[in-house]
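The following features are taken from TrEMBL:
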type	residues	note
TRANSMEM	28-47	transmembrane segment
TRANSMEM	67-85	transmembrane segment
TRANSMEM	105-128	transmembrane segment
TRANSMEM	162-184	transmembrane segment
TRANSMEM	196-217	transmembrane segment
DOMAIN	257-368	domain 'FAD-binding FR-type'
Amino acid sequence: MVVLVTALQAEFPGFAKLLSRKVGPAKIGHFLLGTWFAVFLAMFVRYWAVDHLYHGDGKFNKYPLAVAARTCGVTAVMLLGLLLLPASKSSHVLRAAGSSWESAVWIHIMLGVLFLTATCGHVVLFLARFAEMGYLSDIIPFNAAFFYPQNPVGGKTPSDNWTVPMMSAVFWPSLVCFGIFPWFRRRNYELFRYSHYMSVILVPAVLWHATNAWYFVLPGVLLWTVDRGVRLCGACEGVQVQEMEPLEAAVATTTITTTEEAQETKKKQKKPTPAERVTKVAFTWPGQARTHSPSMFVVVNFPQISLNEWHPFSLSSSPLDSTATIHVKDMGEESFSGRLQKLALAASNLPRGVVMNVQGPYGSRVNLHESQEVVLVAGGIGITPMVSALRCAVQQGLRAKHSKLRRLRLVWVARSPGVFDMFAKELSIQAAGLPFPVEISLFCSSCSCSSPEDGSGAGILGPITASRPNFQQIFEKESPGGEQLLVLACGPAAMVAECEKAAHSASADFEDWSFVL
């Protein structure tokens, strides 16, 4: 069903635009997907709760608690099989559906919540069933005295189903790893990441415990196994770090606010605002040949910082560049990005140079030349995928003979004028010979730059406007004659939401390129 709808979107742009339209907090396509899944789930549960004969002869169907517990168990297994499908970064299922791993993570999360809910229902209902039969201790993990008589049910002959106490032993740590640790993801990503490998124990245990689990779970397991093999091979590829450059820009302390707001902010501000630091890493690797589109990302590891830390970053280089680059914002001295900044400062003194491992690249296919008017909107370090997109569009424009693209504009908002200069090299493009004009608009949201007319409000890339952009006016100006306008945004959530609202108001297509792992 998902693949069919995706094919219809590719064939009929109007249908795709309809599905991408927002109604309240979600898109129409999301509502349709949710409705379809809700109907499927209801019919699935009804079959196992009403129509199915458990163990062929239906000997368990006489006991409502047993039927309810087993229905929750089968539902949990089905959900486990589904949530494994988008878990692979290079999933062929997602590729066939026209999606990518990072854009389908929310589906994995929602299915994970439903899986834990169904699993807890399975355990609680069987606990009640054990109590009903007088064998409450059967729920204890590693219980060698597991009883639960099945031949006949309620008789005196104990069961030999050793997978039940085994599964009980696996369930409780799984509940902690998948139900609690994800809440600490932003504070301790490694705890979240490595605790997720509990699935390597959970999935085989489920296959042993539930005789009908294999046809639900096996497709996702095979995809995940292949993906892990591909990622391992990719991580073993040789990476040559060509350059590590620590960049720094002082943050403006004058904010564009009302007088009352400025006075209140001054009272609260006790410490000076730290400078913005970004680490540029340029490297060559075999994976550059697999970078098929702008806005793709890689997962990187620097053993000299940590052997077990892998972090995702957008590629700021074009797929057509010979050297790949990432720009990593320093989020504090003790953070991974802060330690990367220190490594860059000490790189020249390292006898064996900087060692880097890379997995990827990952991301969906993007072709800006299929649109007539394109506006790239970036906030802060959200500029990295937009730099990739702009460079790629320019390089393809110089080579392509046929292109729908008539105009390309980059709108970049930052807190300090110095931030713009950090990417001056990457954004210094040769526009001569392009079949479409390229414009770069810079906005400083928290400084009082002089007006562009006197030249003092200009940086290396051009004039800087000391205000926040009015997205509504920008989008209406870019498409005055009703041309097809595509808006791509990456940055803080509030800015992206404001940009999306203005894009829909201007009847423009909108894509959010921001993602957080």
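Just so it is clear, glycine is given a Cβ too, placed from its N, Cα and C backbone atoms.
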- Hey, does the transmembrane segment (196-217) touch the transmembrane segment (67-85), meaning at least 3 C-beta pairs closer than 8 angstroms, sequence gap 6 or more? yes
- Query: Residues sitting near the transmembrane segment (196-217): Cβ under 8 Å, six or more positions beyond its termini, same chain?
  - Reply: 73-74, 77-78, 80-81, 84, 163-164, 166-167, 170, 173-174, 177-178
- Secondary structure of the domain 'FAD-binding FR-type' (257-368) by DSSP, residue by residue, totals 30 helix, 31 strand, 51 coil
- Query: Roughly where does the domain 'FAD-binding FR-type' (257-368) sit in mean pLDDT, to the nearest integer?
  - Reply: 81
